[in-house]
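Chemist: The structure under discussion is supplied below as structure tokens; questions concerning it will follow.
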Amino acid sequence: MASKTCSPSNKLRFLLGMVLFLLINMTTAQLSSTFYSTTCPKAVATIKSAVNSAVSNEARMGASLLRLHFHDCFVNASRLFFSFNEFHLHGCDGSILLDDTANMTGEKTAVPNSNSARGFEVIDTIKSQVESLCPGVVSCADIVAVAARDSVVALGGPSWTVLLGRRDSTTASLSAANSNIPAPTLNLSGLITAFSNKGFTAKEMVALSGSHTIGQARCTSFRTRIYNETNIDSTFATSLRANCPSTGGDNSLSPLDTTSSTSFDNAYFKNLQGQKGLLHSDQQLFSGGSTDSQVNAYSSNLGS
């Protein structure tokens, strides 16, 4: 019998955890998982408790918090490898949380975030709780990073070590959010380029895309796919049209993973094999291109 740590299921979970670790731990500073052990020892536990409560109240919130962190990290980010835990990055800095000011238009109203970025109130609640314990110590950027990890775990996904000590940004960029965050209309080459620009391989990009096993998307994000594309299961497309008409209903929601939208598993990849990817960019991962083999591996939990 194969050992537990070498089982196919754990291989997939390990790779997803490692890729999320790379995403979540990019920064310019030297970070440490024990950064707050002396200055705010209850911070991490407080974040976890609040996330568990939020996800228990609304499972979708887990996906929203993960997406919030991804969109925060992907803006103005560039990764240079000096050592395994040392990166150069101008993302993962909490800039997505900033409201507009007289001198700055923030990222909340960027096309990828407007009417879709969620979880701000959860982060605000956590920040208030942590501030009551340790005023002025824990950064919002760290809260978002830990909340993303805890959200995945709460929905049955892998855990990973989050390195702490990020500094909060005092500025944000609407234009960078619009240009940096991958659009749901990208084809495979565009996806590979977008992630390569941040230091990720195509394999890591496919693994990160597996986070679409949770969460939902607005009709505007997939309308063109379900009405105009041919590489889509016809029954699947028909079922989606009932909730996403050709005109109107822009904010109607459909799960990214129709099989198990509140469970962090590999059903997303199995759906792609059946031409049931909700977004154009999802199905591009399995459409006769270079990433088909990786999707096949993940759908079998192999992830080699």
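The backbone N, Cα and C atoms fix where each Cβ goes, glycine too.
Automated prediction, rather than curation, is the source of TrEMBL annotations.
Copying in the features that TrEMBL gives for the protein in this structure:
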- Asp72, Val75, Gly91, Asp93, Ser95, Glu107: Ca(2+) 1 binding site (BINDING)
- Pro182: substrate binding site (BINDING)
- His212: heme b binding site (BINDING)
- Thr213, Asp257, Asp265: Ca(2+) 2 binding site (BINDING)
- Cys40-Cys134: disulfide bond (DISULFID)
- Cys73-Cys92: disulfide bond (DISULFID)
- Cys219-Cys244: disulfide bond (DISULFID)
- 30-304: domain 'Plant heme peroxidase family profile' (DOMAIN)
- 1-29: signal peptide (SIGNAL)
- Arg67: site 'Transition state stabilizer' (SITE)
Chemist: Give me the CA-CA distance between Gly91 (Ca(2+) 1 binding site) and Asp265 (Ca(2+) 2 binding site), in Å, as a whole number.
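Modeler: Asp265 (Ca(2+) 2 binding site) has its Cα 27 Å from the Cα of Gly91 (Ca(2+) 1 binding site).
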Chemist: List, in sequence order, the residues of the same chain other than Thr213, Asp257, Asp265 whose Cβ lies within 8 Å of the centroid of the Cβ atoms of the recorded Ca(2+) 2 site.
Modeler: Gly210, His212, Ile214, Thr259, Ser260, Ser261, Ser263, Phe264, Asn266, Ala267, Tyr268
Chemist: Counting distance between Cα atoms, which of the recorded positions Arg67, Cys92, Cys134 is nearest Thr213 (Ca(2+) 2 binding site)?
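Modeler: In terms of Cα distance, Thr213 (Ca(2+) 2 binding site) lies closest to Arg67.
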Chemist: Based on Cα distances to Cys40 (disulfide bond), point out the closest of the recorded positions Arg67, Cys219, Asp265.
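Modeler: Going through Arg67, Cys219, Asp265 one by one, the Cα closest to that of Cys40 (disulfide bond) is Arg67.
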Chemist: Distance between Ser95 (Ca(2+) 1 binding site) and Asp265 (Ca(2+) 2 binding site) at the Cα atoms, whole Å?
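Modeler: On Cα coordinates alone, these residues lie 30 Å apart.
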Chemist: The residue listed as 'substrate binding site': which of the recorded positions Arg67, Cys92, Asp93, Cys219, Asp257 is the nearest Cα neighbour?
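Modeler: Nearest candidate: Arg67.
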Chemist: Hey, of Asp93, Cys244, Asp257, Asp265, which of those recorded positions are within 10 Å of Cys73 (disulfide bond), Cα to Cα?
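Modeler: The recorded positions close to Cys73 (disulfide bond) (Cα within 10 Å), listed in sequence order, are Asp93.
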Chemist: Filter the recorded positions Val75, Cys92, Glu107, Cys134, His212 down to the ones within 10 angstroms of Asp257 (Ca(2+) 2 binding site), Cα to Cα, kept in sequence order.
Modeler: His212
Chemist: Judged by the number of other CB atoms within 10 angstroms, which among Ser95, Thr213 is the least packed of the binding-site residues?
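Modeler: Sparsest of the binding-site residues Ser95, Thr213 by Cβ contacts within 10 Å: Ser95.
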Chemist: Work through the recorded positions one by one (Cys92, Asp93, Glu107) and name whichever has its CA nearest to the CA of the residue listed as 'heme b binding site'.
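Modeler: Result: the closest of the recorded positions to the residue listed as 'heme b binding site' is Cys92.
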Chemist: In the three-state scheme derived from DSSP, which category covers His212 (heme b binding site)?
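Modeler: Going by the DSSP assignment, His212 (heme b binding site) falls within a helical segment, counted as helix.
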Chemist: Whole-number Å only: compute the distance from the Cα of Glu107 (Ca(2+) 1 binding site) to the Cα of Cys219 (disulfide bond).
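Modeler: Cα-Cα distance, Glu107 (Ca(2+) 1 binding site) to Cys219 (disulfide bond): 21 Å.
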